[in-house]
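Participant: Structure provided below as structure tokens; questions to follow.
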Amino acid sequence: MLPLPSLRRSLLSHAWRGAGLRWKHTSSLKVTNEPILAFSQGSPERDALQKALKDLKGQMEAIPCVVGDEEVWTSDIQYQLSPFNHAHKVAKFCYADKALLNRAIDAALAARKEWDLKPMADRAQVFLKAADMLSGPRRAEVLAKTMVGQGKTVIQAEIDAAAELIDFFRFNAKFAVELEGEQPISVPPSTNHTVYRGLEGFVAAISPFNFTAIGGNLAGAPALMGNVVLWKPSDTAMLASYAVYRILREAGLPPNIIQFVPADGPTFGDTVTSSEHLCGINFTGSVPTFKHLWRQVAQNLDRFRTFPRLAGECGGKNFHFVHSSADVDSVVSGTLRSAFEYGGQKCSACSRLYVPKSLWPQIKGRLLEEHSRIKVGDPAEDFGTFFSAVIDAKAFARIKKWLEHARSSPSLSILAGGQCNESVGYYVEPCIIESKDPQEPIMKEEIFGPVLTVYVYPDDKYRETLQLVDSTTSYGLTGAVFAQDKAIVQEATRMLRNAAGNFYINDKSTGSVVGQQPFGGARASGTNDKPGGPHYILRWTSPQVIKETHKPLGDWRYSYMQ
């Protein structure tokens, strides 16, 4: 990648001619995906991470609201608990009230014009520098805070808070700079030029607990495109989110461009949707919350200066469909990882598995054998842990309720796991359930925990089962088909065309990579704007087309009139 000081010069050249601005796109920004480090015994990255984890042990960080350069504390104090040791308060923070949120809006709006007028390459430099900081000196810090605060293992923190977040910052910068090269044709005696402006107003970014990278991207992508942002981080990802915010500021992000404002959900939603200056909501979270925000925007539509843009990713009930021609080893390995990594707390996690009767004895035996080897525990103390506790008491209670339902339902049988213990942390044993009814609620509703439900279908009913896969739930996020028969793969791909925004063939339903598999789904899963791809940034720009004519216009009358 080019050195940062020369980035702007190498990307764009411009010159003024009269009142018109001419742009010539001279090159593109070359980036690659951030390598995932191994953290093997004795490696520098492992030593650095273990030191960072040791520094966090028993510690609590005080995290204020930040408006501009001012750190603000309110009387509404909250705490973030470590999921695997809820006696450990990892962060103390406060909720912004309505007055502070409105103050943040005003300060952001005052900074908007200058930020929007900065050349794209200058804004990109901020995020490229932040990516370099995350890749190098700040990597261990953000990984450790993600592990301790959100209960991630080493590898899950690495692919999230390091690799994916770095990729978001670098690839978004690449896409944004290259977008400026997308210009309309010019026909003499006129020239045409597109200016990619930020939206008029402020963007509200509402981020989830399960990916540090998503929080950085929800706030960062609109800011890159010239917008000002109010960022409401998740209460249960506060420690890592604040670290990302501080890194952006240290990388050169000016004050008031991203306001860091933890807040109660309803207070934040009510405040931003009642402001005439709201121009967008960038959201990841639950379907009910996104629907509520959408309704609030609709109810206030006459108030806004512009139509707000709503981008949302809302989860899924993701599937693995197995055909009788499938490779069993791939099915077992892919399903265990997809269903149970990070305790099933990924929007893309597999939670329903469809298996042909002919393969079920073999797949069942292998699943149960491998299930017995899964280690659940403290990821900071034991790097051999496969996954840790679920995020908080609310999640624990929700998952436990589903497991109680599984024990009482006549159509469900628990094959393995399902024990729950919240004495130290919010631990749920990975659970495999068999359902005799493909329409059982546990096959339809998102659980967001380490629960996999299997439906065994007759081999000759695979087409009917594919229809079940498509129609059983309201979601459409991710899914996978396992089959070696190419004709079956083609047929399944056609039949499941609308069932998944990210569709996998002989691979697990999780693990999308920025720049390779832009992520998102439709139906109840969201607006499918595909963060991680080149089109996502278009949601956060309002293009202006400028035409300049270089000769006098002449007579107002057309020639045929004379």
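Including glycine, each Cβ sits where the backbone N, Cα and C put it.
In case it's useful when we look at the structure, here is the feature table from Swiss-Prot:
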TRANSIT   1-23  transit peptide
MOD_RES   LYS30  N6-succinyllysine
MOD_RES   SER43  phosphoserine
MOD_RES   LYS51  N6-acetyllysine
MOD_RES   LYS92  N6-acetyllysine
MOD_RES   LYS129  N6-succinyllysine
MOD_RES   LYS174  N6-acetyllysine
BINDING   SER207, LYS232, GLY285, SER286, VAL287, PRO288, THR289, GLU446  NAD(+) binding site
ACT_SITE  GLU313  active site, proton acceptor
ACT_SITE  CYS347  active site, nucleophile
MOD_RES   LYS357  N6-acetyllysine
MOD_RES   LYS357  N6-succinyllysine
MOD_RES   LYS394  N6-succinyllysine
MOD_RES   LYS461  N6-acetyllysine
MOD_RES   LYS508  N6-succinyllysine
BINDING   SER512  substrate binding site
MOD_RES   LYS530  N6-acetyllysine
Participant: Would you say which of the modified residues LYS30, LYS129, LYS357 has the most Cβ atoms within 10 Å of its own Cβ?
Facilitator: LYS129
Participant: In the structure shown, which of the recorded positions VAL287, CYS347 has the fewest other Cβ atoms within 10 Å?
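Facilitator: Least crowded of the recorded positions VAL287, CYS347, by Cβ count within 10 Å, is VAL287.
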Participant: At the level of the C-alpha atoms, what whole-angstrom distance separates the residue listed as 'substrate binding site' and GLU313 (active site, proton acceptor)?
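Facilitator: Answer for this pair: 14 Å between alpha carbons.
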Participant: Determine the most Cβ-crowded residue among the recorded positions SER43, SER207, THR289, SER512, using a 10 Å radius around each Cβ and all protein chains in the structure.
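Facilitator: Sorting the candidates by Cβ neighbours within 10 Å, the top entry is SER207.
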Participant: Say we define neighbours as other CB atoms within 10 Å of the CB. Which of the recorded positions GLU313, GLU446 has the fewest?
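Facilitator: Looking at the recorded positions GLU313, GLU446, the Cβ with the fewest others within 10 Å is that of GLU446.
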Participant: Using PRO288 (NAD(+) binding site) as the reference point, find which of the modified residues LYS51, LYS92, LYS357, LYS461, LYS530 has the shortest Cα-to-Cα distance to it.
Facilitator: LYS530
Participant: Among LYS30, SER43, GLY285, VAL287, GLU446, these being the recorded positions, pick the one whose CA is nearest to that of LYS92 (N6-acetyllysine).
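Facilitator: That would be GLY285, the closest of LYS30, SER43, GLY285, VAL287, GLU446 to LYS92 (N6-acetyllysine).
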Participant: Just the number: how many Å between the Cα atoms of LYS461 (N6-acetyllysine) and the residue listed as 'phosphoserine'?
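Facilitator: The separation of the Cα atoms works out to 51 Å.
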Participant: Between SER207 (NAD(+) binding site) and LYS30 (N6-succinyllysine), what is the CA-CA distance rounded to a whole number of Å?
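Facilitator: Between the Cα atoms of SER207 (NAD(+) binding site) and LYS30 (N6-succinyllysine), the distance comes to 29 Å.
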Participant: Take the C-alpha atoms of LYS530 (N6-acetyllysine) and LYS30 (N6-succinyllysine) and report the distance between them in angstrom, rounded.
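Facilitator: About 21 Å separates the two Cα atoms.
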Participant: Cβ neighbours within 10 Å, counted over all protein chains: which one of the modified residues LYS394, LYS530 has the most?
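Facilitator: Highest number of other Cβ atoms within 10 Å: LYS530.
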